[in-house]
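Residues or ranges marked as N6-succinyllysine by Swiss-Prot on the basis of similarity to another entry: Lys41, Lys48, Lys124, Lys128, Lys140, Lys255. What Swiss-Prot records for Lys48, Lys83, Lys128, Lys140, Lys150, Lys255 (among others) is N6-acetyllysine, and it gives similarity to another entry as the kind of evidence.
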Amino acid sequence: MFYIQSSEALQILKNSLRKHLPESLKVYGTVFHMNQGNPFKLKAVVDKWPDFNTVVIRPQEQDMTDDLDHYNNTYLIYSKDPKHCQEFLGSSDVINWKQHLQIQSSQADLGKVIENLGATNLGKVKHKQCFLYMVSHTAKKLTPSLVDAKHLVVSSEKPTPFDHQLFKFARLDVKHAALVNSIWYFGGNEKSQKFIERCIFTFPSVCIMGPEGTPVSWALMDHTGELRMAGTLPKYRHQNLIYHVAFHQVHTLEKLGFPMYLHVDKVNLTIQRMSAVLGHVPMPCTWNQWNWVPL
């Protein structure tokens, strides 16, 4: 087991992960931001170096003091050989199976290993799988072979403009975290609000302010570089505001050179249509999250 800490080693790791896109996307996005100052103070662990098979990105041990906070206790995993990484992932030095935690990966094949480890460590595993998209600009740069007409869903829909007298673009403030948390699918609790506050404070965000001077539609970015937690207040839905937020967010982050990707729930047809309008590229792999609760 090796810890990857220096900027030089992180760059080598990022370059290696790029060769395995899109399956390595979740870890690639995280390592990109680790090498841009590592604002979430994460660490990379590999089974061997430099010719690694499996890499795990996780918080520092001293930052994992709350055994019940799976938003903080998050592990990002990529393995070149997902069927034979169980011993490495089972090590307590790699993953603390005594805590509530979540594992995210662009590899569904890790599911069997995680289920086995869940049984070994006596706990419950809940799996959520979603569609995975890469923003077209990012896909053209990182995975040009996937940017092909046969992979794209062509949409002729055009969103209606919004009233710029009533609605204004802005950046979210930490004080808006409770509002975001109130309608986030994975949120709605005190620990998720702390995570949202940290994302708003650390990374660029976009919102549309409504007539009352509060956000009515928004989108954030998390510590893995994923575009997440987008939402619109029920009162303002069906006005295509989320499209304008997403479009503005992509162009803002594109100027910063960030790789951009996102997941969409398999039943969320509205955001799937929006992704088609925006030209997001659907990936052949999926977004996966496993929530683990020890008994």
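Placed from the backbone N, Cα and C atoms, the Cβ positions cover glycine too.
The structure displayed is predicted, hence computed values, not measured ones.
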Legend entry - Surrounding CB atoms that lie within 10 Å of the CB of Lys83 (N6-acetyllysine), all protein chains: 10
Legend entry - Cβ neighbours of Lys48 (N6-acetyllysine) where a neighbour is any other Cβ within 10 Å: 11
Inset, instruction - By Cβ count within 10 Å, point out the most packed of the modified residues listed: Lys41, Lys128, Lys255. - result: Lys128
Inset, instruction - Let me know how many other Cβ atoms fall within 10 Å of the Cβ of Lys124 (N6-succinyllysine). - result: 11
Inset, instruction - Find the shortest Cα-Cα separation between Lys140 (N6-acetyllysine) and the modified residues Lys41, Lys48, Lys83, Lys128, Lys255, and name the residue that gives it. - result: Lys255
Inset, instruction - Specify the nearest of the modified residues Lys83, Lys124, Lys255 to Lys48 (N6-acetyllysine), where nearness means the distance between Cα atoms. - result: Lys83
Inset, instruction - Provide the three-state secondary structure of Lys83 (N6-acetyllysine) computed with DSSP. - result: helix
Legend entry - Spatial separation of Lys255 (N6-succinyllysine) from Lys41 (N6-succinyllysine) - C-alpha basis, Å: 24
Inset, instruction - Calculate the distance in Å between the alpha carbons (Cα) of Lys124 (N6-succinyllysine) and Lys83 (N6-acetyllysine), and round it to a whole number. - result: 20
